[in-house]
Amino acid sequence: MRPCMDGKRLNLHLVSDATGDTLNAVARAASVQFEGSDIHLHRWSLIRSRLQLHRVLEGIEAERGPVLCSLLDQALRHELDEACQRLGLRILHVLDPVFDLLAEELGTPTRPTPGRQYVLDADYFRRIDAMHFVLSHDDGQALRGLAEADVILVGVSRSSKTPTSFYLANRGIKAANVPMVPGIELPGVLDDPPCPVVGLFIDAEPLIEIRRHRLTLLGQGGGAAGAFRPDSGDYVDEEAVKAELLWARRTCSARGWPTVNVTRRSIEETAAAVLKLMDAWHERRRRTATSA
């Protein structure tokens with residue numbers, strides 16, 4: 001029996017004994033691949049007792065649809081499996097293939113503990129520290145602290161430097177970002193950077209649209225739009241923007257800094273590209289040190 005659907009609407013139930021963030025990420029990553037379909041996510045988190053599970057089953061029966069599950073308690077899993085079979089609904093235990101693979105490779109069984117990934121550990125505090133670092137080193141602030149950065153992002157105004165920095169901070173990476181402005185010298189620390197420097201670029205047309213939107217939000221009057229005055233025609237003038245981008249690219253090329261074009265990239269994709277370039281930088285340093 002197939003799940004109940006109204007037209008292209010599908011109810012998808014996410015049942016977890018922790019926050020449910022993992023299931024939610026998996027479900028959203030998969031659902032965006034089905035354009036035009038209305039997939040409605042029902043999140044059931046922190047399910048750790050039979051009473052809680054019974055409430056979940058009531059919800060599933062009321063709005064029937066397949067189930068993605070990450071429960072670790074075997075008794076609760078068994079009861080949910082039986083209920084889905086009775087209702088004619090499909091269920092997928094999302095983490096099981098990963099557990100099976102790791103158990104086989106490591107030669108050791110899992111020790112199921114709900115929410116273990118959320119225990120406050122060194123990684124958690126590393127992410128918090130990185131977030132504080134980004135806040136204090138955004139848009140060229142606190143230049144003296146750049147030596148402590150894991151990566152320095154450079155680019156023209158509105159090239160996604162700040163959101164990419166915060167995404168990296170959530171991975172525990174101290175990312176500073178420095179604006180590139182024609183006529184203004186870059187900080188001296190970038191002459192001999194202690195960490196990878198990556199230039200972020202965007203095509204001229206979308207950059208102009210982003211900047212125009214920024215000016216609209218600022219009301220054309222108060223505040224600053226990146227490193228430019230919002231009433232400056234150069235900020236959104238096509239020829240000026242193209243010249244600005246060309247200068248920035250040549251600067252990065254002359255200094256040997258790799259670049260990432262963020263046009264049509266999500267922040268996650270941009271961050272992944274930056275991480276790959278960071279790995280390459282460290283690998284070159286390692287090889288140089290080994291051969292010295």
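Don't overthink the numbers, they just go from 1 along the chain as shown.
Placed from the backbone N, Cα and C atoms, the Cβ positions cover glycine too.
On a predicted model such as this, the values are computed, not experimentally measured, just so you know.
Residues or ranges marked as ADP binding site by Swiss-Prot on the basis of sequence analysis: GLY155, VAL156, SER157, ARG158, SER159, SER160, LYS161, THR162.
Location within the structure of each feature annotated in Swiss-Prot.
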| residue | record | Cβ contacts under 8 Å, 6 or more apart |
| --- | --- | --- |
| GLY155 | ADP binding site | LYS161, ASN177, PRO179, MET180, GLY199, LEU200, PHE201, ALA248 |
| SER159 | ADP binding site | LEU200, PHE201, ILE202, LEU207, VAL262 |
| SER160 | ADP binding site | LEU200, ILE202, VAL262, ILE267, THR270 |
| THR162 | ADP binding site | ASP138, ASP139, ASN177 |
